[in-house]
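Visitor: My questions all concern the structure below.
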Ligand SMILES: Nc1ncnc2c1ncn2[C@@H]1O[C@H](COP(=O)(O)OP(=O)(O)OP(=O)(O)O)[C@@H](O)[C@H]1O
């Protein structure tokens, strides 16, 4: 059981509401009415329990009211952050800082006089000297932060401490520059310098030499600026250089700033990089981060966005491509290089004994076909695309502060150090130059008027770009695929025609020197930092060496398939580790299904789990049904409170705008995302194909808005596992190497995956993309996973929901039915689906005797499935096929299944919210009639499937259905 939990335990609901209401009431009167008890009730509790004098209560209430009003206004300045959770607001303290700032400003800046300001001024000025002029600014910044970021305790403390150090060192300096007044000069003397504080700080040091306090406090003041601006020492030179270059108008591109040489780029490429950098820089602010006080706000998550994409990248600033420049000196330079190669080849062809085996001059030698060797003079002029630099070890992404979970639990995300840094990516190697030469040679041999204009080196493959001269057919190059494979001595050549977004043909050829993509690097990349969304995962690197990061919430469901050893499990590990690195259990909960029992065991016990890792396929099928019910409960809330997406609902809950009906005991909490991971769909489909498919289809059709997302992995991407229905509803696909082109078609609806080279090489087709993107999956080692898991488990003890895959409850079966339930269910299904109430049919189809068939028919009549006997005629069937699930459930003694539950019932529940009990789903509460019903059903106890093949081939219509029991 949990020792700590991320939310209010079930038993607390009543009392905790009261106590939190009481706290809120004493802190800020205006927030009282938030609790389910209603404003009056809360106020009464505060009044009777607090024991404060009435005047204090009145002042507290007025202060709280003003604080919330001012806070509301401040939170709307610039980026609107008015959805700050009312529970964590510190408006009272913020207002205190603000009032103090204004007050000090009135006499320090504006010279307000009078006995009261004079008295305060004497104290403040006597303590700080002329540094009191700075105090309003410091207090103002503190107030602003407290209003807008009350939960950022770490940041607020940092700024507060920074200002204290700054004020102290400033008084020390002021004391020296104010002429080192001594105590004998009295307060008046000290006031004109650094005040009493300055005297204490500097007078002793100044006895050594007046320069000593100047040096000490200058350094301390500098350190205080670093503390306030959260600038690490290592970043100082870069920031100073950035500021200088900005002031002088010399802004460099990002690569140059990182110490990367850009001399290999053409002018136009550099300009493109600069423009992209400028756009990004403008977005981020002068120093690559937002100025203090407006640090990058967590991106608002909202349900509906235009042009949603699963991939997270800088869509506005596409990375420059290293195509041959259209014109100018760069172009002529490149053309000269190509001509040089041509000339060399021409000479070689003329001189060589056999076509394609050129023997050029040593410096311009063309490699022999099939045995590529590096050629300095030839290929080196073909530009390579710049690869994304390995990001320096840094937090992943910005949130290393303590996060406040519900239930007042502090939670720290795992440190970036747990994930190692990968080796620096290579931009070009000799092997690339050799392949360029081989490709150029092949094109020349076959008289194809085309040029290799550049290449992008990825970790696993390099994509060489070929541009055709006007009038040359694309097919002339694609027809050469076998010759190209021969020339580069690799069978895994993949031709892209065209490269998406470019007028060029891409030829992907595996690198002989592969590189591993470290998950840590992917999560530290700019793309990952662009968003704080908790469902973002590091996918890997694309062929251009760019980091690929995707948002699972936008996929919204993902199919991962590939042959054994192709890299699926490694991908699933990267996905789970990404979530653990970036999301708290309050933000993302997971259900893991691992019938293979080995792949996911490392994650057992992480607090993000809602149920122990499920290894039994039967229990997994039940868990999926639980997910369906959870989805229904969430939909009820969305419908009830008028939201279209769980993100909008959560935002409103955090802003205190979701108020349960008066009298309701319920405490509405934000719903976490629910990620359901199935690491071998085939095992589930073998056990309960119909139920698993039903659940998956239902979840995938609706769950996006409910924040529920499915990831289905399989090594058997055949049509009986990945059925048409499942495929139609799981729009994003990740195909690792498949064993056949048929499998590739099942996963991607196109060939390609069969040409992948395994071990993490994949084709990623996120929802909405027309062409799959080739990526090398991110790799995370077992030891890294263990470190992350240990940290996460140390933060919070897992609290499992017991009913997700619980043992099925004993059912109340009608005594009259007794042991005949199985066969009665079959009879019902048979009669209702065929709409034919014949006893002899039951006899034949169920292979039972006349007496048994007659008894079954009587039972069916007594339960209203068929009408009374009409002699030799078949009986009327009174139940429509659509109502069959409800009837079967009723016979089993269960409640109606959720899929068959009338919508009216659900909306009735929604209206009667306060009448239903509080239930916990995961660690959050749901009011749902189904919450009680979140109990697994015994699926094995009923007929599994109706076989659509004819039973006995005698041609009669009755035989069209045959029940196949287990
Ligand atoms: N992204 C990757 N980077 C580097 N190597 C990888 C990557 N993914 C997989 N590999 C290599 O391939 C091996 C098999 O990968 P993995 O176990 O993920 O395959 P799988 O498809 O899950 O196979 P199975 O279905 O048999 O479990 C790993 O042990 C590792 O050596």
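Here the Cβ of each residue, glycine as well, is placed from N, Cα and C on the backbone.
Automatic prediction, not curation, is the source of TrEMBL annotations.
Residues or ranges marked as ATP binding site by TrEMBL: 562, 563, 564, 565, 566, 567, 568, 569. Among the features that TrEMBL reports, compositional bias 'Low complexity' is placed at 1-33. Annotated compositional bias 'Acidic residues' per TrEMBL: 950-959, in sequence order. What TrEMBL records for 545-745 is domain 'FtsK'. TrEMBL lists 1-49, 270-306, 352-392, 893-966 with the feature region 'Disordered'. The transmembrane segment annotation in TrEMBL covers 94-112, 127-147, 159-177, 189-208, 215-236.
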Visitor: As a test: from 94-112, 127-147, 159-177, 189-208, pick the stretch that has the greatest number of Cβ pairs under 8 Å with the transmembrane segment (215-236).
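Guide: By the under-8 Å Cβ criterion, the transmembrane segment (215-236) pairs most with 159-177.
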Visitor: Inside 8 A of the center formed by the CB atoms of 562, 563, 564, 565, 566, 567, 568, 569, which other residues of the chain have their CB, for the recorded ATP site?
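Guide: Along the chain, the qualifying residues are 715, 736, 737, 758.
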Visitor: Under 6 Å from ligand 1 by Cβ, which binding-site residues from 563, 564, 566?
Guide: 564, 566
Visitor: DSSP on residue 562 (ATP binding site), three-state: which is it?
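Guide: Once the DSSP labels are grouped into three classes, residue 562 (ATP binding site) ends up as coil.
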Visitor: Return the residues near residue 569 (ATP binding site) by Cβ distance under 8 Å, restricted to its own chain and a separation of at least 6 in sequence.
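Guide: Expected: 599, 679, 713.
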Visitor: I'd like to know which of the binding-site residues 562, 565, 567 has the most other Cβ atoms within 10 Å of its Cβ.
Guide: 562
Visitor: Among all chains shown, work out which of the binding-site residues 563, 566 has the most CB atoms within 10 A of its CB.
Guide: 566
Visitor: For residue 568 (ATP binding site), just count the other CB atoms lying within 10 A of its CB, please.
Guide: 25
Visitor: Identify, in sequence order, the residues in the chain of residue 564 (ATP binding site) that are 6 or more apart from it along the sequence and have a CB within less than 8 Å of its CB; answer 'none' if there are none.
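Guide: In sequence order, the residues whose Cβ lies under 8 Å from that of residue 564 (ATP binding site) (at least 6 apart) are 715.
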